[in-house]
Each structure stands twice: as structure tokens, then as C-alpha cells.
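Since the structure comes first, as C-alpha cells, the remarks are kept for the end.
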Amino acid sequence: MTTHRPLFYGSITALITPMNNHGEVDFNALKKLVEYHIVSGTHAIVSVGTTGESATLSIAENVKTILKTLEFADGRIPIIAGTGANATSEAITMTKLLNDSGVAGCLSVVPYYNKPTQEGMYQHFKAIAECTDIPQILYNVPSRTGSDLLPETVGRLSQIANIVGIKEATGDVSRVAKIKQMAGEDFIFLSGDDATGLESMKLGGQGVISVTNNIAAADMAKMCELALAGKFDEAEIINDKLRALHKDLFIESNPIPVKWAAYKLGLVPDPILRLPLTTLSEQAQPKIINALKNAGLL
């Protein structure tokens with residue numbers, strides 16, 4: 001049970017980036033999404049992370065979207081900026097552009113495609129942290145990046161003052177204990193896998209950076225509040241209701257299904273994504289509809 005609240009905790013949305021039918025960021029829809037999360041009790045928002053299609057936005061678009069998210073939030077909810085890149089220089093540029101923005105933290109993914117060694121990952125994150133005072137959250141998602149940031153390396157990185165936590169998306173709940181052992185109990189562990197998020201909180205994790213939260217924000221916030229209070233049986237009831245969503249929102253590559261689900265629920269006016277991502281296939285749509293019904297959202 002968490003007896004005090006760390007800097008980042010609870011149900012944190014990996015926010016989708018709404019687009020209009022010209023493929024441009026829809027800032028009116030974005031404003032409505034921010035309000036939805038504030039009203040629903042979401043504990044923080046990640047702007048332009050993986051789910052926010054950071055890889056297909058330019059640096060200028062990334063920064064503008066983050067700044068608009070901050071503007072819409074108006075201090076009512078912490079905003080974490082997705083600033084990761086597979087080039088260290090690009091990640092540093094993004095981070096520096098936000099130094100005086102008021103973001104609560106930066107989420108920085110393990111460099112993808114070029115497959116750095118553990119030493120390379122250490123040097124990458126160290127260089128980013130040294131260019132800013134903004135708290136840094138590491139992001140490990142080997143299924144996308146091709147590289148696994150090991151607990152031993154996380155332990156080394158935790159010695160850098162403004163590297164405060166990790167989004168761990170391997171789905172391996174044993175990582176909670178391993179990372180806490182290497183980095184210390186105060187190092188923030190946030191699950192990046194909805195399916196095992198509650199289990200990781202039972203083992204000492206402080207929250208979930210969630211895809212499901214985009215469309216079931218109130219339920220995810222309540223589940224995490226119960227878990228943080230040690231009321232795991234009650235939290236499990238909510239998690240059971242969302243279990244099909246946790247799974248089926250990955251029936252095609254994220255964020256394809258969750259963006260379509262948000263459209264189906266009227267949270268965004270269009271399910272449009274930028275190429276090479278395409279809208280959810282017709283054959284997958286009934287499964288998402290069933291999952292939404294099982295969760296009581298339709």
C-alpha cells in the first residue's frame with residue numbers, strides 16, 4: 001500500500017492526439033479530451049507519447065501540442081511531455097524547448113531501431129537529464145524499440161537526481177521488485193501495460209500510464225485510487241470489468257483501436273491517424289464494440 005503520494009502516481013493517460021480530416025492536430029478536440037480527464041479524476045496526462053503518435057509529428061508539432069495541452073489544463077492536472085527520440089540530440093532539442101514550459105515531467109523512450117547497448121542507453125538518458133531540471137521518466141517498451149533497458153541500468157540511471165521513475169511496459173511484473181532493488185523504494189514505478197497494471201501496483205508500483213484510460217478514465221482513476229489505498233479486492237472488481245478492453249485495445253497496433261473506440265464513444269470527432277497508421281479495420285470493429293459493452297461504456 002502506498003502511504004504517501006510520489007511525484008507521479010495513479011491513473012495517467014497516454015493521451016491520444018486527435019486529428020481532423022486533413023490530418024492536422026485537432027486542438028478543439030484536444031481541449032475536450034483534457035476536460036474529460038480532469039472531470040474523470042485522471043491523475044496526470046502524457047502528451048504526445050507513443051499513443052499520441054509522437055513518431056509521426058514533427059518536433060514543432062510535438063511542442064505545440066504539448067504547449068496547448070498545458071494551456072487547456074491550466075494547472076488543474078500535471079502534464080508529462082513525451083520527449084523521446086532515437087537520436088540523443090533530437091531528444092535533447094525537444095527537452096530544451098520545454099525547459100520553461102511548466103511541464104511536470106518528461107517521458108523519454110528507449111531509443112528505437114538503432115538498438116543501443118546498455119551503456120549507450122545509459123549515456124543517452126544521462127545526456128538528456130543533464131540538459132534540464134525537468135523530472136525525467138524512463139520508458140522501456142522492448143516490443144516497440146527492440147532493446148530492453150535492464151534493471152541494472154535503471155539502477156545506475158536512478159543515481160542522476162532528476163531521473164525519478166520509469167514507465168515499464170514489458171508486462172513482466174517481476175520487474176517491480178528488481179527495479180526497486182536496484183533503484184531504491186522511492187524510485188517511481190509506473191506500469192506501461194494495462195493488462196498487468198493492477199498486479200504491478202499490488203507489488204509496489206505506484207500507477208499505470210494507461211491506454212485504456214483514454215476511454216474509461218473514471219474507472220481507471222477509481223481502480224488506481226483503491227489500489228493506492230491497499231483495497232485490492234475492490235480494485236480487482238473494476239479491473240475485471242476492463243479486462244477485455246485491456247486486451248482488445250491492442251488487437252491492432254496502438255493507438256489504432258483506442259482512437260476508433262474514442263470516436264465510437266463520441267470523445268473525438270474522427271478516428272483519423274497519420275500514415276503509416278490506418279483506421280481500425282472493419283473486421284476488428286465488432287471486437288472493440290463488444291469490449292466497450294463489457295466495460296459498460298456502450
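Placement of Cβ uses the backbone N, Cα and C atoms for every residue, glycine included.
The C-beta environment of Tyr139 (active site, proton donor/acceptor), restricted to residues of the same chain at least 6 apart in sequence and closer than 8 Å, consists of Gly49, Gly84, Leu107, Ser108, Val109, Val110, Ile166, Lys167, Ala169, Gly192. If you look up Swiss-Prot, you'll see Tyr139 marked as active site, proton donor/acceptor, on the strength of sequence analysis.
Annotation source Swiss-Prot lists active site, schiff-base intermediate with substrate at Lys167. Annotation note: Lys167 (active site, schiff-base intermediate with substrate) sits in a strand segment as assigned by DSSP.
Spatially close to Ile209 (pyruvate binding site) yet at least six residues away along the chain are Ile12, Thr13, Ala14, Val46, Gly49, Leu107, Lys167, Leu190, Ser191, Gly192, judged by Cβ distances under 8 angstroms. According to Swiss-Prot, the pyruvate binding site annotation covers Thr51, Ile209, on the basis of sequence analysis.
A coil conformation is recorded for Thr50 (site 'Part of a proton relay during catalysis') in the three-state DSSP classification, outside any helix or strand. The Cβ of Thr50 (site 'Part of a proton relay during catalysis') has 25 other Cβ atoms within 10 Å, all protein chains considered. What Swiss-Prot lists as site 'Part of a proton relay during catalysis' is Thr50 (among others).
Sequence annotations record features per position, and here Swiss-Prot assigns site 'Part of a proton relay during catalysis' to Tyr113 (among others). Non-local neighbourhood of Tyr113 (site 'Part of a proton relay during catalysis'): Asn86, Thr145, Gly146, each in the same chain, at least six residues away, with C-beta under 8 Å from its C-beta.
For Thr51 (pyruvate binding site), the same-chain residues lying six or more positions away in sequence with a CB closer than 8 A to its CB are Ala14, Leu15, Ile16, Val211, Asn214, Asn254, Pro255, Val258. The Cβ neighbour count for Lys167 (active site, schiff-base intermediate with substrate), using a 10 Å radius over every protein chain in view, is 28.
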